[in-house]
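The next block holds one structure in the form of structure tokens; read it before the comments.
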Amino acid sequence: MSSSGDSLLDAEGEREERGHWSHKCDYLFTMTGYAIGLSNVWRFPYLCYVNGGGAFLVPYLLMLVLVGIPLFFLETAVGQFSSSSCLAVFSVCPAFKGLGMASLAINLVTVAYYIVLVSYPLLFITYSFTWDLPWASCGNSWNSPNCTAFSPSTLVLLLSCRFPPSTYNSPSVLSLTLNLSFNRHRKLLRASSGIDDVGRIEWPVVVVTFVVFVFLFFCVFKGIKILGKVMWLTAIFPFVMLFSLLIRGVTLPGAVDGIYFYIYPEFNRLKEMKVWAAAAIQIFYSLGPGWGSLICFGSYNKYRNRCTRDALIVPVLNCSTSILAGFVVFSVLGFMAKRAGVSVEELAVAGPSLVFVVYPEALSLMPVAPLWSVLFFLMLFFLGIDACFAHTETPVLCVLDEFPKLRGRRDWVTFFVCFISFLATIIFGTDGGIYWITLVDWYCASFTVIIVCFCQICIFSYTYGAGRTVQDLQLMTGRPIGYGWWGTWLVVTPLVLLGILMNTVLNQSGAGYRGVTFPTWAQSTGWVIALASIQFIPTYFLYYFCFRTAGSLKQRMRTCLSPSAAWGPAKESHREEWMQHRLKYPLRHRLLHPSLCENTSSSPDVFLKAL
């Protein structure tokens, strides 16, 4: 029996020692902060525009219902039921503990590059404390020779000097204009010429990243009692800023044109498979299933918490925020396009280019530009740091659940996780860091997470059984879990995940940045990083099968796939109630909904057969 199992079978004081949310709002704000991140601002608006505008909401909302909400509910609920981390929760199927290890590895890789992205807004905040924003002009030491100020007069001059009138609105010309803007910012961000050119360590980025890690440590090392309160600020402030930016944006000239480009529906685009795949991938980016953080935060809930309601509130709020962010972004892009005399379509870009190039450029054109710049980048920092909290707390909790004796040394465990993560950020703090961030994010934040989610839902739906899962959650919450949840876990969500996984593998294009695909060696490196985390799944299964089981092949497989003695509620009184309930109301089959087994015998023999 693992140390994790021993810890979960301790006396009633164990849960209090482990800790739980001091208030329900702490949990809701933490989950909201984790789910609503940078992807809501820099990824969703662009995806919505390029994939059919308002029509994109059809597959997006459908994927939210069929994949996002079921996975969100499942992860938070099993975490709450077992009071365990994403590592210890797989005592439900011990041979697949490698799934938890894969989630742990993904977290460590993610926080290493993601926190560098979070440090960029702090850099821009420091640059914003001046009346004339540095990226609004070309008179800076870091400007390239190609720097050209973005304004109607310079744009017309650029076009009239170099191109005939017939090409004024051509994509190539407007793309070049935007590239000139990027060149001006590239020097500010110290980006090298490509992924082949790592360049030197940029100490401003490294120093700011170190400051962020220090802030991260002091928010996490005391556990959720402090973290939950910090989340009140970091989760609420972005909403205040988004509404403020929306009010400011819609009052700008040209805002209506930008919003029109954003919401105009092209329903014929729904015939394209890539549109549906993009909607599904965005769900993984925003809600965050598969990373283990949902299980982690859910494990701090009180056992009787009504997690069904929470599983609806947070995803719906996340979806609404994404749509709101689209109005904010495109209202400002409409203003920028009108001022420059170009089409909104030519300014609509995705990723860091949007929030660190186009949007700062637009803010510099507003009245009282430094104030708007500081508030905007502070919003980005808070949006990003919430995810960093989750990606740090998750490995810390995994270590503490595996080794309960270290709970008194939580500060040292947190320090170790932060220190290792900081060392891993060095490559991302170089001149070529933005390219490495793009590469790692491309391979580690989609493909690997989808595999983890697919395996995870198969375990709770088929190996452990959807009927057992529903029965456990009904006992925990004291409320019925309807056929809708049961059906999506058993059939719909696994099939959709399988389709997404197949589409990702078959249609996976190479990673690249600003339209330039990375070389073969870089793509191979990305696959190695991705497979390095996924390999824990088969490796641990083989280890458990060969060294932790005995008997015939059938007996070994039964041991591998059967819940260990550690599975179940952590508190002794809840555990006894759970065991008595399963004996009193045995299932005819582990896949069947409990309401379909009402007339079955309650004898222990029938219960043992159901196992």
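Using the three backbone atoms N, Cα and C, a Cβ is placed for every residue, glycine included.
Please treat TrEMBL annotations as automatic predictions, because they have not gone through curation.
On a predicted model such as this, the values are computed, not experimentally measured, just so you know.
Segment annotation: TrEMBL labels transmembrane segment over residues 412-436 (candidates 337-361, 412-436). Per TrEMBL, the Na(+) site holds G33, A35, N40, S286, L383, D386; the candidate it also names there, chosen from N268, N305, N318, is N318. Taking a C-beta cut-off of under 8 Å and a sequence gap of six or more, L383 (Na(+) binding site) has these contacts in its own chain: I36, G37, L38, N40, V41, P238.
Looking at 230-263, 275-300, 312-335, 371-391, 442-462, the range that has the most CB pairs within less than 8 A of the transmembrane segment (54-74) turns out to be 275-300. Same-chain residues at least 6 positions away in sequence with a Cβ under 8 Å from that of G33 (Na(+) binding site) are, in sequence order, M231, T234, A235, F382, D386, F389. Against the transmembrane segment (312-335), the recorded stretches 112-131, 230-263, 371-391, 412-436, 526-547 differ in Cβ pairs under 8 Å, and the greatest number is found for 230-263. Summary of the Na(+) site environment: with the site residues G33, A35, N40, S286, N318, L383, D386 set aside, the chain residues having Cβ atoms within 8 Å of the Cβ mean position are T32, Y34, I36, G37, S39, T321, A387. Counting residues 6+ beyond its ends, the transmembrane segment (483-506) has Cβ neighbours under 8 Å at 63, 66-67, 70-71, 73-74, 273, 277, 280-281, 446-447, 450-451, 453-454, 457-458, 460-462, 466-467, 469-470, 591, 593, 595 in the same chain. If you look at the transmembrane segment (442-462) against the transmembrane segment (112-131), you find fewer than three C-beta pairs under 8 angstroms, all six or more positions apart, and that falls short of contact. Packing around N318 (Na(+) binding site) is summarised by its Cβ count: 24 other Cβ atoms lie within 10 angstroms of its Cβ, all protein chains included.
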